[in-house]
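These notes concern the structure reproduced below.
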Amino acid sequence: MDFVSIEKKWQEFWHQNESFEPKDDFNLPKKYILSMLPYPSGEIHMGHVRNYTIGDALVRYYRLHHYNVLHPMGFDSFGMPAENAAIKHGIHPKTWTYENIENMQKEFEALGFSFSKNREFATSDPNYTEFEQQFFIDLWEKGLIYRKKAMLNWCPNDKTVLANEQVIEGRCWRCDTEVVQKELYQYYLKITNYAEELLKDLETLKNHWPSQVLLMQKNWIGKSSGLQFRFKIADECLKACNDIQEIEVFTTRADTIYGVTYIAIAPEHPLVEHAIKQVNQEDLKTIKAILNTTPRERTLEKKGAFLGIYAIHPLTKQKIPIWVANFALANYGSGALMGVPACDERDFEFANLYHIPIKVITQSPQNLPHTKEETLKNSGEWSDLPSSVAREKIIAYFEKENLGKRVINYRLQDWGVSRQRYWGAPIPMIHCKNCGIVPETQLPVTLPEDIVIDGEGNPLEKHASWKFTQCPKCHKDALRETDTMDTFIQSSWYFLRYTTPKNQRENQAFDKNYLKYFMPVDTYIGGIEHAILHLLYARFFTKALRDLGYIDLDEPFKQLITQGMVLKDGVKMSKSKGNVVSPKEILKKYGADAARLFILFAAPPAKELEWNDSALEGAHRFIKRLYDKANAINPTTYKPEFKEANLNEAEKLARKKVYEALKKSHEIFNNPESTYAFNTLIASCMEALNALNTQNNERILCEGYFVLLQVLEPMIPHTAWELSERLFKRANFKPITIDESALIEDSMTLALTINGKRRAELKVHINASKEEILALAKKELEKYLENASVKKEIYVPNKLVNFVIA
């Protein structure tokens, strides 16, 4: 059978009839199902196939049940790979990108994915960029974007800045190159303004998002409560510190303040700039080395240098040495930490390394450090108190004496969004000597196409006619911003744009009626690797756009599915490992439906999927059997009413299996726990087909296929449409009522035992008498009983029959 031709026929039908476009009827119940948009790399991979197959199954089920479904697709089309391709192949990034989009569109269609074609866009489209640039200006004017110079994560390979979230174990998230530090000007989005709301609203996502994702975001936001206080610089050190009077410190363990034996500050701390002038050459070399290390390198081993200056302990008045340490971070708290070696593993390790004294302040002097809370000693008036009690009393004392205050700190840092590359959305700002930084007024700011990409710096810096412009405010000569936006900005609001993608600027980015109807996204599908990148940014951007008045929404995604990776030979598929399976080859050999069926059957969505050629062939055989048995069906014999009493056991079993599959379908697709165990549903469908294959009763076959094809449509749509059209003119593509009578058990299975040892099973009618059951049991166990003397017959209703023999 030519499965590919059949699939192509229905794909053309769906396209011509715009079968997957949502209706403009706000009274209909809606579902917005969305899979994370792909980067147009050229060809789809099995990870794409799995992601979009899961989403498409949900979409098709809801359409069959009369939901107005929005299921769009787009392309996250800006980014470094296009520039790398330009260097490697001598092709313009725009050409490379849009050719890839066209290719991927064809592959998606060949898989039968039911995307709304009329809502498709690429994030590099000028109309999309225009709104994004307007958002940037609005955020700037609201004070949610600022520009400053800072030490930044720099990828030497991609020659661009990376946000903290884009550095994975010290390496670039995209190309895996070791990240270094570089000082540059950068635009920042003030995501920290939303830290508390982002944390608090995680509670609303419980039971709807995977707990692991919620925990990852909670830890990344990293809320901590503690004491912020000051150490005064010792009088004799003020000159070396250029009259800086004090150093501010944050601690979550105020109860350990009497154990402080040193202060650790980040190499970027303003105190270092002045005090460094008096350190010896070896320590100077160490400090400079720390400054140039990556965040990952700073975690590998503790390093530091004594600055030769002291601070005064606010309670004991003792001198405390000030050290530069690589574990002190400039962007956390004040960039200064109090070192308590007796109560902290990191502080203990550093103190031992540099022979710094250790002061024990807990009742148990053995096995330092004591990281757990204990009863204090050597802690002034707070000695003999439990740590938790002492902590509150010490904070209260500091606040009363105006020595410090209770504060909340967050690990989350503002989002740096400047990128030194060509193929990105231009930042719509003008640098004017007279007016400063001025927003562009003519949007969109588009990229020049006559550029040379050679891998040496940002091409926009070298494009004079684009770079040099006029200030929109004073009309004097000015410079255009040559940095482009981080591509994570594009993916932080695209799901909103899908609601009305054709809106022009004068009508705003979104039609609020459509936005109110379709948002939030009901089910969002993508990899867990996006937990603290895209998913956190999208939540932030939604809240920021709300505060700008564009939308009335707090959270963008109601439910989240994080699908597992596709593995082959136990490892993730990748070209470097040579274990890639080509979707094109699979489609050519087996067809789209077999690939879809295998993907859904091989593992539940959240689990890793191990590629298995024999299981794929099994899916192919199932579809073939479905076609083969359909040839025996005469659809004119189908009547929906059956009298159970007139059916034999095999016929009853066939109906039971079919309606069990229908019932299972509703359970899977409407599962409140969002596990979507499609594998169990497909197993139920296979049992139903096995039962139907034993049948010659055309009415049973007709009813069975009428129901089963509807159940299978979300998973193998081409097959379901072909056979449903052939047999029923697709009359079965509607909600079907479960015939509960078919599910009623009229038989029971009993265990048959002799002297308590299980020997067999017996299936009997549920209303069979004890005498009938014993007679049937004896017959079933005849070979065990023929030479035995039965002493006792025991019948436990609905469970077992036991014969006691001599």
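Yeah, the Cβs are placed from backbone N, Cα and C, and that goes for glycine too.
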Of the ranges 38-48, 93-103, 357-367, which one does Swiss-Prot list as motif ''HIGH' region'? 38-48
Among ranges 27-31, 472-476, 572-576, 672-676, whichever one Swiss-Prot labels motif ''KMSKS' region': 572-576
Counting every protein chain shown, other Cβ atoms within 10 Å of the Cβ of Lys575 (ATP binding site) number 8
By DSSP, how many residues in the motif ''KMSKS' region' (572-576) are helix, how many strand, and how many coil? 2 helix, 1 strand, 2 coil
